[in-house]
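To start, the structure under review is shown below, and the notes come after it.
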Number of protein chains: 2
Amino acid sequence: MAFWRLKMRFECNQQLLTKALNIVSKAVTSRTTIPILKGILLEVSEDGKLKMSASDLDITIEETVEIEAGVSGSIVVQSKLFGDIIRKLPNATVSIELIDTNVVIKCMNSEFSIIGLSADEFPSIKNIEENPDYITFDKAILKEMIRKTSFAASVDESKGVITGILIELLNDEINMVAIDGYRMAITREAMVNLEEKNVIISAKIMNEISKILSEASEEEENVKLLLNDKKAIFIIGNVKVVLRLLDGEFIKYKDVLPKDNKIKVKVSRSDLMESIERASLLSKEGKNNLIKFAIKDTIVTITSKSEEGNVREEVLINKEGDDLDIGFNAKYVLDVLKSIDDEEIYMLFNTSITPCLVEPISGDSFEYLILPVRITNN
Amino acid sequence: MAFWRLKMRFECNQQLLTKALNIVSKAVTSRTTIPILKGILLEVSEDGKLKMSASDLDITIEETVEIEAGVSGSIVVQSKLFGDIIRKLPNATVSIELIDTNVVIKCMNSEFSIIGLSADEFPSIKNIEENPDYITFDKAILKEMIRKTSFAASVDESKGVITGILIELLNDEINMVAIDGYRMAITREAMVNLEEKNVIISAKIMNEISKILSEASEEEENVKLLLNDKKAIFIIGNVKVVLRLLDGEFIKYKDVLPKDNKIKVKVSRSDLMESIERASLLSKEGKNNLIKFAIKDTIVTITSKSEEGNVREEVLINKEGDDLDIGFNAKYVLDVLKSIDDEEIYMLFNTSITPCLVEPISGDSFEYLILPVRITNN
């Protein structure tokens, strides 16, 4: 350990530290047996800035914090204990100093001394400095695109690329796609991109990014995304998130979309959602959560039953095409309806054994595909 | 099953039903294997009122609800399913009708049919009609007295009376007392009582009563308490809670209170609480959560340590008497400090092995006793 590391010292406001710790600690995994990965790296640079970082090897989060006075150096502290201490200190100036291998934390009438771990053991993060090109997102739009797709990715970690969200950069738009074999979610936004490129990022990590977008500095409206073949970096104000891209070929999702839709149903999203929520109270748990749609003239009748009883719900619709009986897993339909904000939607059907497509009344900002459940008429 | 039971029918607003179900279902236990105890009894009386009741045999909760139109009769419905259905219906008139042994629930475009259980199986509640005397509490005061004592009762169900709160009705005041062998809580309120009487009620049930007090009709300011030797009934507006008293002799708590207090410390409750909260971050978990107080002149220094580090906190005090070193389980001190609202408190000590007494600066509305933990000086 180099001698200069032993001198680290800085002062910073307690609220600023707490805010940064809340963000950075999202990269700390509780599941690891490697002590250093439960830590947060504190680095005070020669030019008087504090960088805090944490990593679970899949995702690394760094935040740069303004400090009041500092002596350069670095140390790793246990994330949970250090976070609890800082959060419980009063809103005042906190002084943090490295004395031997102990981190001494002082604030008003409190003084803590906790054990530090050598910064040398901490996994280093290689940035993508070679490629200075980046994509700029509006924060709110990125959050929305994540919300509208991530739920449809597979949660089975053995499933490879389909645990991820495909980000498709086209000349004039960006698409995000997730699919788990039972349903598919597609969102589209107009956006000018310098080069066409596809990357796949873990849906779990995209949900973390979404949380960071909510918490990170409010002044910052934009998010930068830097990409190379292996990694992506999101830059949100003072926060930098480095993550590994998922390797492999994504499903050719356009081939899955039905070309022909003989039945077109226009329905109030909230009416349909509330009816399915009620009907699902009696769709037997543990089984496939089956609800049946009987689409006939101007009404869709939704039914469900279990040993405890049965339910019938009626929702008004506008229909083009034939009548149809079709079954669904209530959860898959509800996930889709919850992720949409539009008051009215189109549901497109062909037969009782082909997927249902959910689309907006106008435009093509989203598209959802839901596989039906085969029903027997009893 | 009598024929008239089969006719039960009523209409009621969905919000009214939901509010009553939220209260009544607190008596439904999930731990029972007796199906009828997972149910809620619906009874429509001849004079057109709906009574809903649930019971886990220790506690029975009844609520009377105004209905719009009714045919008398009774049935038991599964509490969770019925509650989920009613909660998810729109805010409109719900019609409930017994058809054979099925309960048919209709509201707007929804229709449920669920299985009912015979009301004959439901445990009957015997009221205390013989003794028309009752005690009247102010709702807010009763809630406060429960909050200030219940945490100090034993949670070990094998411990008999000390899992309860002693309610001591004296001529001109009411005392509530709880003790678990490590700490004791006493609250006092001025109140004129017709007869002197002591009863013991399970602290767990008193906490349920407290929740019902928060939820039950806001117009009602007062709570009535009816007592006999075996049972107590709390009447809160339209809600009636019947419970069994705990049998046995409560600890002679006055004998436990120290007569002599050589050291008297005046301290800010919030300063002390925040310091102990921080110090307890390093009082080793799983062990006895030890923090040490060094009371000296105008400062109490609170220290704690674990393998992860150590902490020193200083809090300003006003002291009469000698200096003292004493150890505590941080949780026991925090429980007491959290239950007090006063800005300043007195802490009274004798020696490092005798209990500490916590009292208000003026008056005697509460008194807390905390046993110390023996400390070795290392």
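Heads up, the Cβ atoms here are built off N, Cα and C, so glycines get one too.
These numbers come from a predicted model, not from an experiment.
Taken from TrEMBL as is:
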DOMAIN    A:8-125  domain 'DNA polymerase III beta sliding clamp N-terminal'
DOMAIN    A:138-250  domain 'DNA polymerase III beta sliding clamp central'
DOMAIN    A:255-374  domain 'DNA polymerase III beta sliding clamp C-terminal'
Secondary structure tally of the domain 'DNA polymerase III beta sliding clamp N-terminal' (A:8-125) (DSSP, helix then strand then coil):
31 helix, 55 strand, 32 coil
Under the DSSP assignment, what numbers of helix, strand and coil residues are found in the domain 'DNA polymerase III beta sliding clamp central' (A:138-250)?
34 helix, 46 strand, 33 coil
Restricting to the domain 'DNA polymerase III beta sliding clamp central' (A:138-250), what is the model's mean pLDDT?
92
By DSSP, what is the split of the domain 'DNA polymerase III beta sliding clamp C-terminal' (A:255-374) into helix, strand and coil residues?
26 helix, 56 strand, 38 coil
